[in-house]
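Some notes on the structure that comes next.
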Amino acid sequence: MAKIVVEKSQPLKGTVRVSGAKNSVLPILAATLLATEKCVLEDVPPLRDVDVICEVLTSLGADVKRVNREQIDIRANAIDNYEAPYELVRKMRASFLVMGPLLARMGKARISMPGGCAIGTRPIDLHLKGFKALGAEITLGHGFVEAKADKLIGNKIYLDFPSVGATENIMMAAVLAEGQTIIENAAEEPEITDLANYLNKMGAQIKGAGTDTIKIMGVERLTGTTHTVIPDRIEAGTYMVAAAMTGGNVLVDNVMADHLKPVIAKLREIDVELYEEGNGIRVIGPKIPKAVDIKTLPYPGFPTDMQAQFMALLSVSKGTSVIIETVFENRFMHVSELKRMGADIKIEGRSAIIEGKRELTGAPVKATDLRAGAALILAGLVSDGITEISNIEHIERGYVDIEKKLRGLGAKIYRTDEGLSVE
Ligand SMILES: CC(=O)N[C@H]1[C@@H](OP(=O)(O)OP(=O)(O)OC[C@H]2O[C@@H](n3ccc(=O)[nH]c3=O)[C@H](O)[C@@H]2O)O[C@H](CO)[C@@H](O)[C@@H]1O
Ligand SMILES: C=C(OP(=O)(O)O)C(=O)O
């Protein structure tokens, strides 16, 4: 398996374009199962996770056509299967998002139960609670979840935690239910709003997406539509941190600044200069970044998906920082890898205490999950010597051409299967 090799780099300079959001396109691709006509999706990031959800759609009987690198056309008129097998769900938990649309469209769904992963146990109880409230009968057994309903009927659903996936899955089940569904304590992430906008273009009647109360009035049927996926705020945030850490001057282009408020606020506290410029944000890194404290929270709080990248940044900032992870119970796997690079980090329960250092040292390390992998690349950019990252399949799940995009900014980075070297 290929590795990513990073060498200490000069301050990054230039422009990097952010791709469409992974966490938007996955539920939106699942939602195409709700229409019988052609759906056209644009600015689809060419990622491993997108390939997996497309495989799931194909296995259900949908016709999935990659028109070009960033456009996919889907026709789900002939879906004839309601089962998502273990081989696909284990590759990507988000495959479970086809349960809501299948239940709405076919009245049944049988999906392999997604397991936990490197960041936590990640139960699906809230998804199931929502489906039950809409009248589905749920059976668990042999590693599968089966849901059946002759008819889904709208209801009021309070989520104990504003789960992104549960909000999306329930919203997709409710669009074709009879009457009104109200989701309370709903997740407010921009990807929820993007999904709701897409569903509304298909003819759904959803109000309140982006707030903690979403109201869905069921409709008879949905039609095909064309949609451009929103830019990936986490990919954008990752390049912003790269610019900040290297003391660079980078225009991160194709960004919705509103979606990045907590990230921008923290970067400013760290002494990073940020200016909106056209559709992008210019990021100018400080000589020496400052320590800050961070607590991850559901949107609009600081995103857990940026926690590892900020940990890399704070490892080379002046002073002591504390990061509290409240969203996932086990999202500190990158700590031991960063420590192998010389970072001074202690974990106490859900907190990590980081004593900033002037420099880290390159080392062979492994990506334990997607954002952990991104954090190691960032650390490699400011580490003395060479950092060799293995298990990069995690990074490929969520970053389009990360080595090429960083190289475009002057970073010394390559993949071992590219036939390149850092010089
Ligand atoms: C594909 C996708 O969009 N992934 C994102 C989505 O994941 P995902 O949708 O899986 O995350 P959730 O918001 O559902 O999970 C947040 C917390 O709620 C818990 N929980 C969730 C569902 C449930 O039924 N029961 C339960 O207890 C989880 O274990 C976790 O501790 O939101 C996360 C939180 O912003 C992000 O880190 C992921 O990048
Ligand atoms: C945790 C993430 O994704 P997923 O929910 O797909 O595992 C992520 O994007 O950082």
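Just so it is clear, glycine is given a Cβ too, placed from its N, Cα and C backbone atoms.
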Suppose a student reads TrEMBL and sees ARG93, ARG122, PRO123, ILE124, ASP125, LEU126, ASP305 listed for UDP-N-acetyl-alpha-D-glucosamine. Which of VAL64, VAL67, VAL327 should they find annotated at that same site?
VAL327
Spatial neighbour of ARG93 (UDP-N-acetyl-alpha-D-glucosamine binding site) that is closest, considering only the recorded positions LYS22, ASN23, CYS117 and their CA atoms:
CYS117
Do me a favour and check the Cα-Cα span between LYS22 (phosphoenolpyruvate binding site) and ASP305 (UDP-N-acetyl-alpha-D-glucosamine binding site); whole Å is fine.
12
ASN23 (phosphoenolpyruvate binding site) and LEU126 (UDP-N-acetyl-alpha-D-glucosamine binding site), distance between Cα atoms, whole Å:
19
Least surrounded among the recorded positions, given as CYS117, LEU126, VAL327, when other CB atoms within 10 Å are counted:
CYS117
